[in-house]
Amino acid sequence: MNLDDTIVAIATPPGRGGIGVVRLAGPEARTVALLMLRLANGKAELEAQRAHFAELVDPESGERLDEVVVAYFAKPHSYTTDDIVEISCHGSPVLLARVVELALAKGVRMADPGEFTMRAFLNGRIDLTQAEAVRDLIESQTLYQARVAAQQLGGSVSRRLQPTKQKLVNLIAVLEAGIDFADDDVSVLPAKEAIARIAEVHEPLAKLKEGFAFGKVVHEGLTLAIVGRPNVGKSSLFNRLVERDRAIVTAIPGTTRDLVTETVSLGGIPVHLVDTAGIRESHDEAESIGIQKSREAMADADLVLVVVDAHAETGHELDHQLISAAAERSAILVENKIDLGRHSVANGKSIPVVRTSAVSGEGIAELREQILRMVSGESGREESGFLTNIRQHQLVTDSLAALEAATNALEVRVPHEMVLMDLYNALRPLDDITGATTADDILNLIFSTFCIGK
């Protein structure tokens, strides 16, 4: 990738629309754009940081192609810090492709996927967590996902990491000074104090790592399986959560024989709901296959709703088996059909219990709230700057492991030269999170997941 090239790409999604945008960036962006434009009022130049009305023309034939609005962002006050020109025309794919062709004919290069954002990163306008947030913002499916991505784009992860990283740098500097100036009047940091200072770095990183479980759910969504015996109201509950009649509901046991899936937003978090076949002993081949899929869905889910019939006076043996299995994982016991009567079947199991009526809607709001509590855990939904992808999580994990190695080394009186190796191993991953020292192949992999025009 040559940062001196001028690049072009369509910045709006594929397909027809009212407006389409073609973006040019680089040293020749303004010059090339002017060749394709006939500015209103006879203007000869694009004024920086302004929108201009113009006619789009073929530079060779002079043919008028469209009426457009052109925005010129002069460097360094642009997304990439290069000169950028954005041409907004009518959103015909043919017309947008023609604009790109005209630019390519003047020596401009087609942008690689994510190249505009990669230039913003390489030119120091954003760090790597902010670049990842651009992608997350584009791909967000809920308002809460968009809000989290916007916080990341504003530098929330970097701001949260910076004080911790600075403490580590300061500790390294003190230990280095003790070694470099051992013959001078420089005191060596006692091992006990060094261990305490490592703990001050370790604690916030451990908390950041803890919050990844919630950050991952925000980013990827949560899979929630609804399981239970036949006719306990699983499909009715599913329809209540989906807020429409998505699953077939009848009084006949075994109506649901295959998995029914739907994605809903609960508190801004995408929840992938799975309605399953009622679990029981069955000699029907089709139903047996559905029951096996139910058990697999329960095993694969992030959260399980075990639905039982609260109207039944005594709990069924299979209910207790499902409750016992669910107690070993993240689960909620739903005592349904409370409109017909209430008989608790929880029997003291250590999982949250919510009582509902899928028919009347009673308890459904409480169920949604309990699901969100289970998802949020102790990380807290209000705290900004949490990790949202595996790359960031693994780097924090690597840093924590190196800090623990440094602590162990100090406890057995290993020379500070060896301790410093562990501390540098803890610092490098923190630099990699923001992209301060990330290798080119990793950068190429990250930015290749972006769309062409971003």
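Placement of Cβ uses the backbone N, Cα and C atoms for every residue, glycine included.
Over in Swiss-Prot, the protein carries these features:
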- R23, E86, R125, K454: (6S)-5-formyl-5,6,7,8-tetrahydrofolate binding site (BINDING)
- 221-376: domain 'TrmE-type G' (DOMAIN)
- 231-236, 250-256, 275-278: GTP binding site (BINDING)
- N231, T250, I252, T255: K(+) binding site (BINDING)
- S235, T256: Mg(2+) binding site (BINDING)
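Candidate binding-site residues: R23, E86, R125, K454. Nearest to K234 (GTP binding site) by Cα distance: K454. The secondary structure of R23 ((6S)-5-formyl-5,6,7,8-tetrahydrofolate binding site), as reduced to three states from DSSP, is extended strand. K454 ((6S)-5-formyl-5,6,7,8-tetrahydrofolate binding site) and A277 (GTP binding site) have their C-alpha atoms 44 Å apart, to the nearest angstrom. Of all Cβ atoms in the protein chains displayed, 21 besides its own lie within 10 Å of the Cβ of E86 ((6S)-5-formyl-5,6,7,8-tetrahydrofolate binding site). Under the DSSP three-state reduction, E86 ((6S)-5-formyl-5,6,7,8-tetrahydrofolate binding site) is assigned to strand. A separation of roughly 57 Å, to the nearest angstrom, links the Cα atoms of N231 (GTP binding site) and R23 ((6S)-5-formyl-5,6,7,8-tetrahydrofolate binding site). Each residue in the domain 'TrmE-type G' (221-376) has a pLDDT score, and their mean in this model is 78. Less than 8 angstroms from the CB of R125 ((6S)-5-formyl-5,6,7,8-tetrahydrofolate binding site) sit Y79, T80, T81, each of them six or more residues away in the same chain. In this structure, S235 (Mg(2+) binding site) is part of a helix by DSSP. Take the CB of R23 ((6S)-5-formyl-5,6,7,8-tetrahydrofolate binding site) and look out to 10 A: across all protein chains shown you find 24 other CB atoms. Across R23, E86, R125, K454, which the record gives as binding (6S)-5-formyl-5,6,7,8-tetrahydrofolate, the greatest C-alpha separation is 19 Å.
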